[in-house]
Amino acid sequence: MSVDMKLNRAQFDAVMVPNYAPAAVIPVRGEGSRVWDQEGNEFIDFAGGIAVNCLGHCHPALVNALKTQGEKLWHLSNVMTNEPALELATKLVNSTFAERVYFANSGAEANEAALKLARRYALEKHGVEKDEIIAFDKAFHGRTFFTVSVGGQAAYSDGFGPKPQSITHLPFNDVAALEAAVSDKTCAIMLEPLQGEGGIIDADPAFLKAVRELANKHNALVIFDEVQTGVGRTGELYAYMGTDIVPDILTTAKALGGGFPIAAMLTTTEIAEHLKVGTHGSTYGGNPLACAIGNAVLDVVNTPEVLNGVKHREQLLRDGLNKINEKYHVFSEVRGKGLLLGAVLNEQYQGRSRDFLVASVAEGLMSLMAGANVVRFAPSLVIPEADIAEGLARFERAVASIAAA
């Protein structure tokens with residue numbers, strides 16, 4: 001390979017599998033909430049790598065953890081345990097409802113583990129007939145065949161042949177539908193406390209109460225997918241902490257590594273004991289390099305200063321978006337929680353969320369979609385107020401360009 005090979009967007013099409021359609025911009029450097037591309041153009045990051053970069057880019061604490069552990073020990077496999085993994089598991093246990101932790105590398109893997117555990121728990125405790133998983137329309141739980149089938153979006157799961165069975169999808173926040181569906185055959189109810197890919201839709205308190213009560217009544221487990229909402233994103237360490245219920249199993253990834261691949265499944269001792277030696281595993285899960293960074297992330301995020309700061313920054317971002325909307329009238333509402341917000345396009349602009357992303361990039365702002373009708377924002381939890389203000393100014397210019405077209 002030539003050392004002077006030009007690495008550009010065209011090269012992606014030449015060498016990569018075409019399952020992504022990345023922008024023409026290729027970032028090469030990031031610091032805090034700002035990113036620079038190959039041409040030196042600067043962007044403010046309101047996307048956060050899809051709610052991953054919870055401390056922005058190249059946070060000093062994470063860089064230090066990476067360098068320090070990188071000079072000690074990289075990988076072992078689970079033939080042996082390691083100190084960073086034990087430390088991180090202990091922090092997660094001490095900070096949540098959980099008593100046991102399983103490490104993986106991605107949200108999909110953590111969710112796969114959660115679903116397998118729920119099935120095995122039900123099989124061993126109640127028999128083979130108790131295998132139904134109840135999930136919800138517009139949910140997203142990952143891209144493995146099991147998780148994508150449990151996620152309630154046919155666009156992601158169709159086209160791969162026969163799907164895993166005994167999965168029931170219901171409308172999100174529909175208590176009556178839930179009451180009609182849950183039975184003694186239900187082994188688990190899986191949901192996001194705030195649907196991300198589905199459009200930034202918060203779970204109603206009454207709905208969550210029904211989920212917990214029906215699960216208890218029918219000896220089913222409640223699985224919270226907190227891959228996107230976890231590690232401070234909503235202003236709580238985990239979103240369930242801002243609700244009146246506690247799940248039986250929780251999955252976490254994305255922000256847990258602040259940009260380094262790591263995930264975990266959290267549960268109780270009584271449930272965890274059903275994953276005996278050899279029933280599940282991951283070669284990289286609990287990798288000391290990943291866990292060292294995860295420890296650094298929790299040390300920074302799990303503090304009153306950062307978690308309270310998320311709620312303050314939410315208000316700044318929400319107020320700014322509403323102020324833009326007062327002028328241009330493009331959104332029907334701004335919804336979400338903490339620093340996971342969605343600006344819902346009104347009837348005139350339905351289906352055009354990608355247009356807003358493209359216009360934002362042209363103005364030097366990175367944002368996200370949550371479906372065709374929602375512009376999603378998931379910036380760093382510690383984004384400076386000046387960057388929020390400048391990002392909003394750039395977004396307003398993007399909105400103005402679309403409104404004037």
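Placed from the backbone N, Cα and C atoms, the Cβ positions cover glycine too.
When secondary structure is read from DSSP and collapsed to three states, Phe140 (pyridoxal 5'-phosphate binding site) falls in the coil class. There are 24 other Cβ atoms within 10 Å of the Cβ belonging to Phe140 (pyridoxal 5'-phosphate binding site). Among the features that Swiss-Prot reports, pyridoxal 5'-phosphate binding site is placed at Gly107, Ala108, Phe140, Asp225, Glu226, Val227, Gln228, Thr283.
Look at Ser282 (N(2)-acetyl-L-ornithine binding site): DSSP puts it in coil. Other Cβ atoms within 10 Å of the Cβ of Ser282 (N(2)-acetyl-L-ornithine binding site), summed over all protein chains shown, number 19. The N(2)-acetyl-L-ornithine binding site annotation in Swiss-Prot covers Arg143, Ser282 and rests on sequence analysis.
All protein chains shown were included, and the count of other CB atoms within 10 Å of the CB of Lys254 (N6-(pyridoxal phosphate)lysine) stands at 28. Marked as N6-(pyridoxal phosphate)lysine by Swiss-Prot on the basis of sequence analysis: Lys254.
When the recorded positions Arg143, Lys254, Ser282 are screened for a C-alpha within 10 angstroms of the C-alpha of Val227 (pyridoxal 5'-phosphate binding site), the residues that qualify, in sequence order, are Lys254.
Residues Gly107, Ala108, Phe140, Asp225, Glu226, Val227, Gln228, Thr283, recorded as contacting pyridoxal 5'-phosphate, have a largest CA-CA distance of 25 Å. Highest local Cβ density among the binding-site residues Gln228, Thr283 belongs to Gln228, counted as other Cβ atoms within 10 Å over all protein chains shown. Under the DSSP three-state reduction, Ala108 (pyridoxal 5'-phosphate binding site) is assigned to helix. For the binding-site residues Ala108, Val227, the greatest number of Cβ atoms within 10 Å around a candidate Cβ is found at Val227. Cα distances from Ser282 (N(2)-acetyl-L-ornithine binding site) to the recorded positions Gly107, Phe140, Lys254 are smallest for Gly107.
When the binding-site residues Gly107, Arg143, Asp225, Glu226 are compared by the number of other CB atoms within 10 angstroms of each CB, Arg143 has the fewest.
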